């Protein structure tokens, strides 16, 4: 056997952590390589897997052959395989789950079991309740996959009942592997079979009906003007012919019908901006010199340090990103540009399309499987040198990456914490940049404390944009949410440093004083006056609230009972648009009761503030105002973000009420006032990053004001005006916040001075959950003691802040260690989810 006779494969089963060797059959010799997607036998099942490398000598003697090659080209590059290995090692997740991050949805598949009814044995006599339900499903619907049965009979273990039915001879089972759910999209096209000089004089033999002959001649005339095969629907529209007509013409050897692949491109209807390349300000020029030099170094193979671009809101960071991408493309390399939210993607795409038409690909979870698959394939084929999207875009199979950009790098959405593998996009990008020998550029107005600490240690380069880029000379640009120029006045382009404007003035409103003065509204007197002036001036305002719904909670004024989710035990939130109470953790819903379920009192009231409640009170205060609400409830549709953004930018609304989404990098030139309600929300949460998040949110939201030539102001309502996060945010003073917060973290030994691992336990029985957590905590403590890991420590097994969710009790164990993975190695962790460097402790 030669060196390519065996392949090491990571099978797509999360419970299996190791890899297995398989024989490469003769028909696949030279076609299978590292990164190939294959089907393999595994015990009595068929599984899908990815080849991690080719080997000369297998680890075992009895080696089974690979059954088939799913895709003719590798689905992972060699560098992606290295990254998947790194993620598996550092997140303690199975390798197959890390690989799955890099394969588009619908291409990879897991094995399933087909359950088949044996003819003549449909009797239900003597069967248990679950077996009867299973049999009825099979009788009514025919053979079903196990996953289909589990969906039809939820929350009931089925394996035991299936075994009983097998033993009774009523059913049989076999392992199956479903084919990929996505495939290339083919359309029927037509072209002339050979050149025809004079269509009008052509006599179509055997044509009796004059209308039929006319239709077919018109189709031929249409095709005679087309150099390439044409979609038959165009021919139908131009000539009135049908498929039967085209088939007849093909039988007469006049045309050829083809099946032609078309790309499903989510950007096909996006109109690029028509914007000239601006002149850089002096701040931008200084930062660009460092970026340009770093790009030159990586393109010559020199190892470089990551770059942190700290630029205040509106300072022109995106222009530097685009110039960096431009230089990368000129060096014949590719670039990945990450944004934290899908809502930011359309704006970023339009800006980049204006500079790089036809070269930009979009990746995110709201694309259809076909759109995502085609964009992935075009990137793999080298057709798209620029990829834009949220964290998943990092795993696009580009062959020669020269630049990775992480915009708004402080954002917690860059950490995947809902499913395995739980990973940090920043840590993944740092490693990927090292593997690809490419430049890494991180940008934010409010980088987090650990990122700034890397700068202070000299590990990262530090670039700053301390001033805004505002009105350019005598020319003012107003752009829509999608980036189109909707208004421009006068002419001229900027000279250096022209038109820079400062950040908006922030005024702290002490709500304790407002209460003393008799104000009972959620809107302080200064905010009400400011909103009135905005309306009179024909301007716009944003009202930010880090809440959803109309009320924080609903409770009884007589007995104090609050309505809580029966599965999560957190307060239910009132939503008038949904006519009821909703749990924001598991989605549980119920009607608003007319009386207290505890004491029967009718004095059950909603208390607190939410976006719907803000909207209702605004309408009372300003009946003529046009109001938009932007939160997760109002953005369920595929294009809902863009619709809301365009609506507000086109001044079809005066006030925009929003949650965290409005804090992202949006440009609203007519917004001259931002009101921040309950600025201290979250400060008292039991999380060491609570002050940091509060500072970042306030600073980012404040940055939405004054981005046009009219300037702006921010009114920050709070009951904690002296808190250092509030004070620093009101002055836009990141350094002041950092100096206080870094000392607190050192005193309490939190990151960046130590690393954390959070072990999460869930069980429907609290006692079981606690016992599992205690058992693992004891094992960790024992290992720390016997291996003398004095720099590591483990906390108690304690309920999470959100102690119950979706019917499951939640406990956590917190490990502090310079190397938490080393401490956890060898400890059985099957019953818990491990977060290394978690974004929060809630």
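Numbering starts at 1 and runs along the chain as it is shown here.
From the backbone N, Cα and C atoms, a Cβ is placed for every residue, glycine too.
For 298-465, the entry in TrEMBL reads domain 'Helicase ATP-binding'. The annotation Zn(2+) 1 binding site is assigned in TrEMBL to 556, 559, 596, 599. The Zn(2+) 2 binding site annotation in TrEMBL covers 565, 568, 583, 586.
Shown here: features listed in TrEMBL, placed on the structure.
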residue	record	DSSP class
556	Zn(2+) 1 binding site	strand
565	Zn(2+) 2 binding site	coil
583	Zn(2+) 2 binding site	coil
596	Zn(2+) 1 binding site	coil
Residues that sit under 8 angstroms from residue 596 (Zn(2+) 1 binding site) by C-beta distance, when 6+ apart in the chain:
556, 558, 559, 561, 602, 603, 604
Given the binding-site residues 565, 583, 599, which one is most crowded in terms of C-beta atoms within 10 angstroms?
565
Can you give me the average pLDDT across the domain 'Helicase ATP-binding' (298-465), rounded to a whole number?
95
Additional residues around Zn(2+) 1, ordered along the sequence, whose Cβ is within 8 Å of the centroid of 556, 559, 596, 599:
557, 558, 560, 561, 597, 598, 600, 601, 603, 604
Rounded to the nearest Å, what's the C-alpha distance separating residue 565 (Zn(2+) 2 binding site) and residue 599 (Zn(2+) 1 binding site)? Just drop the number here, would you?
18
Just to verify a number: CA distance, residue 599 (Zn(2+) 1 binding site) to residue 583 (Zn(2+) 2 binding site), in angstrom, no decimals.
22
Which residue, of the binding-site residues 556, 559, has its CB surrounded by the fewest other CB atoms within 10 A?
559
